[in-house]
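What follows is a single structure, written as structure tokens, with notes after it.
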Amino acid sequence: MLLRSFRTVELLRRISTSSVSGYRTSPSLLQRCNGFQSYLPHRVTTTESPFPSHISRFCSSQSANSQNENRHTTLSSPVSSRRVNNRKISRRRKAGKSLSISPAADAVDLALDSVVKIFTVSTSPSYFLPWQNKSQRESMGSGFVISGRKIITNAHVVADHSFVLVRKHGSSIKHRAEVQAVGHECDLAILVVDSEVFWEGMNALELGDIPFLQEAVAVVGYPQGGDNISVTKGVVSRVEPTQYVHGATQLMAIQIDAAINPGNSGGPAIMGNKVAGVAFQNLSGAENIGYIIPTPVIKHFINGVEECGKYIGFCSMGVSCQPMENGELRSGFQMSSEMTGVLVSKINPLSDAHKILKKDDVLLAFDGVPIANDGTVPFRNRERITFDHLVSMKKPDETALVKVLREGKEHEFSITLRPLQPLVPVHQFDQLPSYYIFAGFVFVPLTQPYLHEYGEDWYNTSPRTLCHRALKDLPKKAGQQLVIVSQVLMDDINTGYERLAELQVNKVNGVEVNNLRHLCQLIENCNTEKLRIDLDDESRVIVLNYQSAKIATSLILKRHRIASAISSDLLIEQNLETELASCSAV
């Protein structure tokens, strides 16, 4: 697919994210943007909080999908017995114009008992020192109540959270909130509050439809510049798949000309008496150009959580496609003058499409919808969007019917769609990094957050080989990780090996390494006198006396005040395997 492919991991990670905590800009995309780098999307973050200035602030921000609004039900039941007044607001939807006289006034009436202010304390891990966390940060954002006593906000508002409080309008009391579910790809989260006092007088907002162009919306929230609720109004100017900066994702978004500022994140955009979307990011360097997450994406997220009990992600077909706008290109693949489509150039080995499609197939239609030569499909009122939107609208494990031209003959195949993960994770919020230390060698799985530790210009300053593999390589089997030597903690046992850092681990005692857990098992279960580790396409080798290395590991950990040689996630898995083995032996 053009935008939802595994190559999106590269393309979408390169968006300007100078205001985003943990994300860095890649200049190669800025060069392709023909001078428009100052107008790239930024995650609208939470406001600067009134905490001491020395405390670092939380700043909010590719491979992804969108969804089908016709499959989802609206969430309309109120939290309390108080009812939201249903106002009769007429609209000429066919013309795409709003006749609502005062959308801001209507939004205020709805928001007073629905929109809340969110206070978050968060702590991010250090990827260079994975056994440590960075300093604590405080931030603020917005959210609103939906049916079922739930609060919707942005994922970046509560990312890496350690403590969350909410406060409703007109109250001085903050209530403890728990994060029930987070979808970082779609930048959405669900909070729950146990306090009965909090829910007194609160009303649930109802999710509406995608607004048409030029329809009026009002964004409600708690942006910087004050402590009370704020309402800004504007009109819809564009509806199309957009870069979701926080999740490095491509999903449908709505562009509006209402001011969306830090602190607005998670607040509702209200159209009439329903929610049209959730405010989440804006364009740096541009005035009053903001983006809201549309209701189909919100409903997909909520429905997935309700059905599966957790966030399930957005589907991908797992293909990378080339536009076929050139006539000679179409002729070369035996396309008739009436045919349109896109050319399959790469296929993710872990996708269902890998077993069905072939390189140089031409995708003609998806679920009966013709695909144009530029990869777009029709979308209401003569608008067009990329066909990735249709793919991401599917539920996990749902099938799609694709029409394919192969060697001049048309075929139809049924393909199962599911969320796909890249070989190198694009983000790792709300979890501690994995690591394993042996003989002073710090082994970690390569992630893009690790590369971001190299600074703002990480695309150029991080190790070139690792950066290339992070953006280009595809997983060949499930559970595969790219394991590297992050650094070498100096000791007599590793003298002479101190420069063998930032290299990939390929083999341990001749066995190819699948992931960090596998490497840990290979080393811990070594039964030979010598331990051999092959690095970087077997061009570098480490040989250690195994028993001496085990003794040295304990001394190195004590010297560097490291509590454990193995991260908690690997330790838990290792203990479980030991318990299972003991049970089997009994």
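Cβ atoms here come from the backbone N, Cα and C positions, even for glycine.
What Swiss-Prot annotates here:
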{"type": "ACT_SITE", "residues": "His156", "note": "active site, charge relay system"}
{"type": "ACT_SITE", "residues": "Asp187", "note": "active site, charge relay system"}
{"type": "ACT_SITE", "residues": "Ser265", "note": "active site, charge relay system"}
{"type": "COMPBIAS", "residues": "84-96", "note": "compositional bias 'Basic residues'"}
{"type": "DOMAIN", "residues": "318-398", "note": "domain 'PDZ'"}
{"type": "REGION", "residues": "60-96", "note": "region 'Disordered'"}
{"type": "REGION", "residues": "117-302", "note": "region 'Serine protease'"}
{"type": "TRANSIT", "residues": "1-22", "note": "transit peptide"}
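Under the three-state DSSP scheme, Ser265 (active site, charge relay system) falls in the coil class. A sphere of 10 angstroms centred on the C-beta of His156 (active site, charge relay system) encloses 36 other C-beta atoms. Confidence over the region 'Serine protease' (117-302), given as mean pLDDT on the 0 to 100 scale, stands at 93. Under DSSP, the residues of the domain 'PDZ' (318-398) split into helix, strand and coil as follows: 15 helix, 26 strand, 40 coil. A gap of 8 Å separates the Cα atoms of Ser265 (active site, charge relay system) and His156 (active site, charge relay system).
For the pair formed by Asp187 (active site, charge relay system) and His156 (active site, charge relay system), distance between Cα atoms is given as 6 Å, rounded to the nearest Å.
Asp187 (active site, charge relay system): 33 other CB atoms within 10 A of its CB, across all protein chains. DSSP assigns His156 (active site, charge relay system) to a helix.
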